[in-house]
Structure formats: structure tokens, C-alpha cells
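Q: Dumping the structure here so I can ask a few things about it.
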Amino acid sequence: MAKHSACLVLNAGSSSLKFSVFRDDPTRARLQPVLSGQVSGIGGTARLEAKDAERRVIAERYWSADQSLSRQDLLDHVLAWISTTLDGDHIVAVGHRVVHGGPDIAEPRVVSPALLEELQQLVPLAPLHQPHNIAPMRLIAERFPDLPQVACFDTAFHRGQPWVTRTYALPKELTADGVCSYGFHGLSYEYVSRTLLAARPELARSRIVICHLGNGSSVCAVQNGRSVDTSMGFTALDGVPMGTRSGALDPSVIFYLVREYGMTLEDVETLLYTRSGLLGVSGLSNDMKVLLESTDADAHQAVELFCFRVAKEVAAQSASIGGLDALVFTGGIGENAPRVRELIAERLAWLGVELDAHANAARHDEIGAERARVRSFVVPTNEELMIAQHTLALLREARSPLPAARPAPPPRRPVAALLRQAARRPRTFLALKGTAPR
């Protein structure tokens, strides 16, 4: 069997490690999936499940909580299993999903000590994600120092947005230091927009809004294949309600919870990230499938609120690009919940959105009614494939097995440090805090 180069893709989260392997076969037009899987339940009873290219389960293993396996131990198990399972494929590079690239990173980067330091400085911007994204890079650099690694960023696709969609109405001392809208799910939006425009070239100059709906959800306005605006901002908490995240709310709610409920900032952060959204409203589940099947009134309210907020966001994103020509659904909910798509479309009828009931139920690629002014689509996302494509393309461009990493830009001051410094200087803009109307 001919030996092919392959790319390993890792997506490390707070309680899971997802992995995929793609074969770079020169006789094929695109990368070929070889296997995929994940370790779930990290920190408790961990479970490894892996599937082949046909989605058949080929491996399953459990580790009890009392075995006390670290993340590094579990990653070692995954790497060892992959190396013994691959037949005729040789891993030549590893691509990583990284949630936050900060204000300076607009494209994939080769992993280097300088980049790792830069990413470490961004941890305050994504404390629930960034440390877990970085850890596998460090481990692989130690175990396999000659194996190229590439970091691909969820924020990069949005870095070319116009200043008006990225800027908050805050003092320039803060906005200049990186307190701005970054946007997330960029790898998904990049893949979906590329896939849609490749299949429907007539939409190249169209005004497109993409709804990435899953346990994490956001909406993005795209024109000419580029992000113009998106619902998530400084963090992945912003925008529409999600599985357990609140989405956008009046910031004064936080002040109120601290003052009147005696909550700490950590309490509020936990509340907004892990106890809100679909779970908080329904009191039942963060799983849309469970809520749609439930007869409970609160479950119905959670679904209705979610669809209302998504439709409202689609309208807002349409305003950013001067109208709407095509609406796209992707993500776990967007791809698999026709009822959710229907409810969202009903609220957007005034904008020209109308679905074909049969096509929507059957999840055809194009689900809009023939008479609708706005075309509607379902496009499955594949962030892992996007990462693999970026990783191998970057290595090819360098014309070297291990391309030289670009030097990191001078680090910006962390936002927390800026605030501490300002607090020590009462004549700075923070001295104005007492002048706000009550």
C-alpha cells in the first residue's frame, strides 16, 4: 500500500479532546478523512470513541475517575492509538484549533515558543478555552520536536472586519489595547462560505448571513467571502443564547447580581457560561433535541426564545451588509433541527425568507421556497477539514518540512494590567467613573 502524508487535527476543550486524521492523497482533489474521534468526560470517567471514514466505531475505551489520568496521559493514549491504527499513512503535521488569536493574528501560524508565549498572554481573553488549546501544543513539542504544528484561530476570519463593527463605545485607552469585538466560530464560517460559493458561484457577490447553531451559537454576515459582522464579540459569551451560555444581556445585570445577590465575579461568570441559555430558561436541558421533544412549557419557551433571538440577529447582520440575499444554516442545531429552521424563517418572512416545507424536512442543500426572494441553504460545517487544509497549505508555502516561525509582535498589555495601572493613577480616564448617571 502506498504511503501517504496525513495531517492530525486536534481540538482540545475543557472536558474533551477531539481528533481527526486526513490523508493528503495527490490523486484526489481534496483531503480524505481517515479516522476521527474524541475523548469525552475528561476530569471524571473518560471515554475514548473513534470512528473510521465511514463513521463506523473502531475503538472504544473507558477510564474511571479513580485512575487519575491527566490530560497529558489521555493525549498520549490517543497519539499511541493513532500511530498503531494508521495503515499506510504518515503524520507529517498537526493542526490545532485555537479559540482566540487576539488583535494581531489574522491567519494560521506555525507553532513556536514565541507563538506559545503570545497565546499564553491571551488566556485572560478566553480563560475557559485557551489553556486547553495550548496544552497539546506544548506536549507535542516536547514529545515530537521535529513534527510541525500549526495553530488555526477561530478569530482570524473576522480580523478584516470594518472598524465600525469591531469597535465598542469605550475610551480609546481601552479599545487601543484590545478591548474590541473579535468574533468566533471563524473556522466554521470560513469553511461554510467557501463550500457554498464553490457550489453556487452565482452567490459570489451576494449578501449572505450564516447561522452557526449548536451548543455554541453565533450569526455572521459575509460578503465577497469575507466576514463583515458577527454576533459574538469580545468573548464567546456574546450574541444569541446558547446551550448553557446567556448570550448578550445588559451589562448592568452583572452589577445587580454582585450588589443584590452577593455574588462574586466568579459566581456570575459560572452562571452566565454554564447555567444559562437553553438550560437556564428550560430548567431541563441544554440539548435542543430534548427540548423539541419535551411537552414542558418551559422547554417550549426556551426554543421560542432561541429562535426569536437568532432571527433578530439575522436581521441585525443583514443591516450590516445592506440586505439579505442568502441565509445559511450550519452547526449541530442548524443542520439537524428543521423545526428550529422553520421557526426562525417564519420570523424573517418580512425580509423575504420562506422555506420549502418538504426540502426543509428532508434537509436538502437548498431549502428555500421557489418564490422566496431570499435563498436558504443547509451547509454542513467541517472545522477539522478547514484546519487540515490550512495546516498543509502553510507548510507547502514554506517549502520546508519545518517552516520558520515569524517573530511574535510586541505583546500588548493585558486588559487586567491596564485597569490596575489606571486605578493607581486617579487622573486617568477611570477617574470619570463617578460621573456616570445613576
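Cβ coordinates come from backbone N, Cα and C, glycine included.
Caution: TrEMBL annotation is automatic and unverified by curators.
The Mg(2+) binding site annotation in TrEMBL covers ASN11, GLU383. The ATP binding site annotation in TrEMBL covers LYS18, HIS212, LEU213, GLY214, ASN215, GLY216, GLY332, ILE333, GLY334, GLU335, ASN336. For ARG97, the entry in TrEMBL reads substrate binding site. Feature annotation from TrEMBL assigns active site, proton donor/acceptor to ASP154. TrEMBL lists HIS185, ARG245 with the feature site 'Transition state stabilizer'.
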Q: Of these recorded positions, LYS18, ARG97, HIS185, ARG245, which scores lowest on Cβ atoms within 10 Å?
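A: Selected from the recorded positions LYS18, ARG97, HIS185, ARG245 on minimum Cβ neighbours within 10 Å: LYS18.
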Q: Please list, in sequence order, the residues in the chain of LEU213 (ATP binding site) that are at least six apart in sequence and whose C-beta is under 8 Å away from its C-beta.
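A: Non-local contacts for LEU213 (ATP binding site): VAL310, PHE329, THR330, GLY331, GLY332, ILE333, GLY334, ALA337, VAL340.
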Q: If you draw a 10 Å sphere on the Cβ of GLU383 (Mg(2+) binding site), how many other Cβ atoms land inside?
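A: Here the count is 23.
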Q: Could you state the CA-to-CA distance between ASN336 (ATP binding site) and GLU383 (Mg(2+) binding site) to the nearest Å?
A: 17
Q: With H, G and I counted as helix, E and B as strand and the rest as coil, say where DSSP puts the residue listed as 'substrate binding site'.
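A: SS state of the residue listed as 'substrate binding site' = strand.
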Q: Taking the Cβ of ASN215 (ATP binding site) as the centre, how many other Cβ atoms fall within a 10 Å radius?
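A: Looking across every protein chain shown, the total is 16.
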Q: Can you tell which of the binding-site residues (GLY332, GLY334) has the fewest other C-beta atoms within 10 angstroms of its C-beta?
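A: Minimum Cβ neighbour count within 10 Å, taken over the binding-site residues GLY332, GLY334, occurs at GLY332.
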Q: Of ASN11, LYS18, ARG97, HIS185, ASN215, GLU383, which recorded positions come within 10 Å of ARG245 (site 'Transition state stabilizer'), going by C-alpha to C-alpha distance?
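A: Cα filter at 10 Å returns ASN215.
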Q: Quick one: which of these recorded positions, ASN11, ASP154, GLU383, have their CA within 10 A of LYS18 (ATP binding site)?
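A: Those close enough are ASN11.
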Q: Spatially, which candidate from the recorded positions ASN11, ASP154, ASN215, GLU383 is nearest to the residue listed as 'substrate binding site', comparing Cα atoms?
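A: When the Cα distances are compared, ASN11 comes out closest.
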